[in-house]
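Taken straight from TrEMBL:
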- 64-216: domain 'Glycosyltransferase RgtA/B/C/D-like' (DOMAIN)
- 9-30: transmembrane segment (TRANSMEM)
- 71-96: transmembrane segment (TRANSMEM)
- 108-132: transmembrane segment (TRANSMEM)
- 138-155: transmembrane segment (TRANSMEM)
- 162-178: transmembrane segment (TRANSMEM)
- 184-202: transmembrane segment (TRANSMEM)
- 209-227: transmembrane segment (TRANSMEM)
- 360-388: transmembrane segment (TRANSMEM)
- 400-422: transmembrane segment (TRANSMEM)
- 428-445: transmembrane segment (TRANSMEM)
Amino acid sequence: MNKLYQQRWILPAIVIVALVLKLSLFFIFYHGDVHQITQPDSEGYLAPAKSLIMNGNYGNILSRTPGYPTFIAILFVLFGQHLSAIIITQIILSSLLTIQGYYLARRLFSPVAAYISAILIAINFLFLSYTLMVLTDLLFAIAIGFVFLIGSYLFSDHPRKLWLSFSLGLALATATLIRPVSYYLLIPLSVGALWYFVHLHFGWRKTIISLILLTLPSIIFIGGWQVRNQLLFGTYAYTSITANNLYWYYMGNIIQKQQHIPFDEVKQQLMTKLQKQGSLSSAQENDFMTRTAVAFLFQHPKALMKQMLKGFSHLMISSDHSWVLFFDPHIDLATFNQAKRDLLHHHFSQSFAQNSLSQLLLIVTAIPMRFFLFLTYLLIALGIVMLPKTDMKKNRVSHLFLLGCVLYFILVSSSSISYARFRSPFELILLIYASFGLSGLLLWLKQQRAKLVFPSSIKSLDGN
């Protein structure tokens with residue numbers, strides 16, 4: 001273990017090899033087709049970025065937050081309005097995820113687990129999929145990764161609590177500016193920090209200062225964006241995405257299940273309901289959809305619970321194939337999934353007849369994805385079983401913090417529209433615990449091998 005720890009070249013080697021492979025992949029297979037690196041949501045970030053460059057403001061957007069458009073605007077100013085510059089920058093920045101995973105696993109577990117974690121993150125297909133897309137996922141994963149890393153230091157025996165409190169708050173505010181899914185995370189985080197500081201007998205003065213430093217970045221940056229929305233649209237809502245999801249998808253899915261009708265008909269019903277309100281401003285529309293959906297969901301708690309449980313299963317066990325679009329942007333993912341099922345059920349003639357050689361290669365590559373996902377969960381379970389056998393005392397609260405973050409993202413992401421992409425905010429934590437499970441398994445195998453070798457050597461001595 002100590003020898004491995006001294007070999008500091010291993011982490012840079014993992015980072016550099018992964019970086020070279022990803023950049024090579026991009027330069028070899030990217031043919032200038034924007035459909036390879038964009039999805040329908042991409043324009044929602046590109047438009048405000050261009051508006052920021054041309055007009056000095058984000059335009060009339062309520063559905064997007066400013067973090068990712070600002071990132072794009074900076075790159076456009078530096079390198080021109082080339083989408084490839086965004087992807088190349090994201091590939092380079094993806095190295096930060098590998099480094100974050102390494103230091104998290106090293107702090108919580110061991111150097112061996114840290115190196116395994118770095119490798120698992122470097123080759124992770126979910127991260128690769130959205131590194132190659134003009135979407136918020138990679139940048140958000142990095143920002144929330146800093147939340148996890150800084151939090152693991154704050155909720156431990158590290159002495160610099162005030163500095164860490166501010167850093168944690170700043171990282172969380174940055175993540176929320178990029179993607180609003182972490183908007184409510186500040187609430188349980190502040191409650192947990194208050195309990196932790198009181199438990200440490202931190203003193204009320206220091207506790208209050210720490211909580212102020214933790215919440216101040218969100219008050220300034222997130223609150224500032226909400227004030228901007230109030231001035232422009234007349235609403236303090238952080239984004240209209242929440243209202244849209246509640247109205248069209250949470251409520252819409254329950255109505256569909258109750259009435260047994262196609263979702264398009266449900267959307268038409270909801271649109272008619274909205275149109276009956278007359279001409280509404282953005283603020284009034286956002287308020288109406290939120291109030292209507294929340295009231296409806298409170299009336300149907302069982303249906304909501306069923307929806308979230310089904311969404312949870314899709315969130316956790318679906319494998320992401322968005323990376324396929326980079327290699328073949330015109331492929332239909334539904335057709336692709338059916339072709340994968342045909343191949344799994346040994347319908348070889350049908351698969352060869354309906355797909356080109358390049359498509360078959362992509363299908364064969366995608367088939368093991370779910371197996372690796374289940375293997376990851378088995379290693380996580382093994383790691384959790386092993387946790388009580390480690391020196392957990394100094395990192396116990398850090399583990400609770402990380403697992404609490406996973407629970408938060410699962411709760412806010414489990415819905416009728418859940419799929420593998422929604423797992424990206426906490427994929428880093430899953431891989432860290434999987435690395436611990438794998439390191440424990442390797443250690444056990446090494447011990448078993450030693451037990452087999454040792455008796456045989458004794459027998460050979462007896463024979464002599």
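From the backbone N, Cα and C atoms, a Cβ is placed for every residue, glycine too.
With a cut-off of 8 Å on Cβ pairs spaced 6 or more residues apart, the transmembrane segment (184-202) and the transmembrane segment (428-445) reach fewer than 3 such pairs and are scored as not touching. Confidence in the domain 'Glycosyltransferase RgtA/B/C/D-like' (64-216), given as mean pLDDT, stands at 95. Counting Cβ pairs closer than 8 Å and at least 6 residues apart in sequence, the transmembrane segment (138-155) and the transmembrane segment (9-30) reach fewer than three and form no contact. Using the rule of three or more Cβ pairs under 8 Å, pairs at least 6 apart in sequence, the transmembrane segment (108-132) is not in contact with the transmembrane segment (209-227). Contact between the transmembrane segment (428-445) and the transmembrane segment (9-30) is not supported: fewer than 3 Cβ pairs lie under 8 Å, counting only residues 6 or more apart in sequence. Between the transmembrane segment (162-178) and the stretches 71-96, 209-227, 360-388, Cβ pairs under 8 Å are most numerous for 209-227. Distant neighbours of the transmembrane segment (209-227): 65-66, 161-162, 165-166, 168-170, 172-174, 176-177, 183, 186, 189-190, 193-194, 197, 202, 236-238; these residues of the same chain sit at least 6 beyond its ends, with a Cβ under 8 Å from one of its Cβ atoms.
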